[in-house]
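Asker: According to TrEMBL, the record shows the following:
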{"type": "BINDING", "residues": "G25, T26, S27, L28, D29, G30, L31, D32", "note": "ATP binding site"}
Amino acid sequence: MNTQIARLYQIAQKPQRLIIGLMSGTSLDGLDVALCQFTGSGIDAKTELLAFDTISYTDDIKQTIRTVFSQKQVDLEMLTLLNPWIGKLHASMILKCLQKWKYTSTEIDLIASHGQTIYHAPQSLHKHPDFPNATLQIGDGDHIAVQTGIITLSDFRQKHIAAGGEGAPLAVYGDYILFSQKGEDRIMLNIGGIANFTFLSGDLDATKMFSTDVGPGNTLIDAFSRLHYNHPFDENGAIAASGIVHQSLLTTLLNHPFFQAGFPKTTGPELFSQSYVHQAQQQSQTENISSQDLIATLTRFSAEGIAQAVKRNNLSEKAVVYMSGGGMHNPVLVKHLHQLLPDNVLKTTADLQILPDAKEAVLFAILANETVAGGLVNFGNRPGIPNVTMGKISFPN
Ligand SMILES: Nc1ncnc2c1ncn2[C@@H]1O[C@H](COP(=O)(O)OP(=O)(O)OP(=O)(O)O)[C@@H](O)[C@H]1O
Ligand SMILES: CC(=O)N[C@H]1[C@@H]2OC[C@@H](O2)[C@@H](O)[C@@H]1O[C@H](C)C(=O)O
């Protein structure tokens with residue numbers, strides 16, 4: 001038998017596994033690296049976050065990725081070069097973390113690598129009737145496996161699409177295992193570049209659980225902070241706090257079929273882009289508003305999109321909302337959410353012992369744990385939530 005297959009077989013049978021989960025999201029701020037210990041698998045798995053770091057991308061790295069990120073037309077050579085380059089970059093970041101945390105590669109069972117999303121093209125966005133849902137994450141897993149010496153699972157979204165999903169969001173698979181709790185309806189709200197939530201039913205019926213994107217989280221706030229202030233984001237909502245919300249622009253921004261579409265659904269910065277905002281400004285004749293007012297309005301827009309989706313979910317009037325992701329550090333955004341969702345208790349995943357900034361990286365570690373050692377959770381026969389395990393396996397040699 002191939003020794004790597006024997007090693008994988010042995011990892012699958014261990015009572016406990018150490019798995020590094022990686023997430024590099026649409027904000028392009030850095031690589032989230034979460035070292036998780038799993039005891040068991042499936043709904044009974046126990047997860048402990050042993051260590052976590054975000055390794056920030058330098059401006060050069062961000063600029064290089066932005067040459068292809070969410071662009072309809074790219075330099076194909078550059079895209080090809082970036083695939084191994086990001087794999088190697090992520091591998092070197094993992095090795096730095098291991099050194100800092102005082103672990104050796106041989107102690108780690110698996111890496112779960114999300115990769116870098118470059119382009120997200122569900123049918124609802126690309127609108128080509130002859131082509132399937134599609135999404136592209138790069139940073140090839142073979143490079144991570146070879147450079148770290150650790151068996152690596154990567155490219156999780158393709159199986160989801162192959163089995164009938166849109167490739168995102170995948171959060172429900174991990175949120176269900178990690179956070180579902182008898183007696184409490186929960187909404188696990190992640191405010192990243194794009195905001196999404198998972199609904200977890202307090203009766204633990206997996207066939208009621210789902211996750212869905214709900215609209216922009218930070219992506220537009222970040223884009224216009226970069227454009228007008230040369231700053232990657234609106235730190236602590238300071239810019240938004242100094243502006244006012246323009247209702248006519250807000251109404252126009254919210255007037256897109258995405259917001260009316262049923263759950264689950266997915267989107268990306270390919271739709272919620274600078275040109276989306278410029279068009280809305282033209283339509284609402286608000287091209288001349290100040291950049292503070294624009295960012296104030298975009299912050300309210302994110303909050304309205306999230307709140308409308310939470311309220312539209314009839315199952316969840318009494319659901320407790322648990323926030324995660326970078327947007328929960330923006331106090332203006334969070335204040336809007338409190339105002340727009342007065343009937344929901346708002347907490348964070350820290351209340352459930354998972355560091356909010358680490359949550360998405362932990363979710364990918366759970367996906368890898370399930371693929372190697374778990375079974376299938378049955379979410380029922382529902383469109384968009386296929387009952388599959390995910391991730392391609394790369395051996396170090
Ligand atoms: N102190 C802060 N004040 C305001 N915004 C903040 C703060 N800290 C983080 N953010 C926001 O959070 C973003 C990073 O969030 P996060 O890392 O969750 O995104 P991501 O994982 O890239 O996104 P996605 O989930 O869409 O893939 C930053 O770009 C910024 O907009
Ligand atoms: C294509 C892609 O990378 N989508 C991300 C992004 O970031 C948030 C939102 O958009 C979500 O759909 C997804 O990530 C999370 C982890 C998910 O799949 O659940």
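Glycine is treated like the rest: Cβ placed from N, Cα and C.
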Asker: Once near-sequence residues are set aside, which residues in the chain of G30 (ATP binding site), 6 or more away, have Cβ atoms under 8 Å from its Cβ?
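Answerer: For G30 (ATP binding site), the qualifying residues are S24, T54, I55, S56, Y57.
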Asker: Near ligand 1, meaning Cβ under 6 Å from any of its atoms: which of the binding-site residues S27, D29, G30 fit that description?
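Answerer: By the Cβ criterion, which requires under 6 Å to ligand 1, the hits are S27, D29.
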Asker: Tell me which binding-site residues (G25, T26, D29, G30, L31) have a Cβ under 6 A from ligand 2; sequence order is fine.
Answerer: G25, T26
Asker: When DSSP states are folded down to helix, strand and coil, where does D29 (ATP binding site) land?
Answerer: coil
Asker: Around the recorded ATP site, report the further residues of that chain (criterion: Cβ within 8 Å of the mean position of the Cβ atoms of G25, T26, S27, L28, D29, G30, L31, D32; site residues excluded), sequence-ordered.
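Answerer: Going along the sequence, the neighbours appear as M23, S24, T54, Y57, G192, G193.
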Asker: Just jot down the residues in the same chain as D32 (ATP binding site), at least 6 apart in sequence, with C-beta under 8 A of its C-beta; none if empty.
Answerer: G21, L22, M23, S24, G25, F52, D53, T54, D357, A358, E360, A361
Asker: Please work out which residue of L28, L31 has the most C-beta neighbours within 10 angstroms of its C-beta, and give that one of the binding-site residues.
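Answerer: Answer by Cβ density within 10 Å: L31.
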Asker: What number of additional C-beta atoms lies within 10 angstroms of the C-beta atom of D29 (ATP binding site)?
Answerer: 20
Asker: Have a look around S27 (ATP binding site) and count the other CB atoms within 10 A of its CB, chains all included.
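Answerer: Counting Cβ neighbours of S27 (ATP binding site) within 10 Å gives 21.
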Asker: Who sits close to T26 (ATP binding site): which same-chain residues at least 6 apart have their Cβ under 8 Å from its Cβ?
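Answerer: Those within reach of T26 (ATP binding site), by Cβ under 8 Å and sequence separation of 6 or more, are S70, T117, G192, G193, I194, T219, G268, P269.
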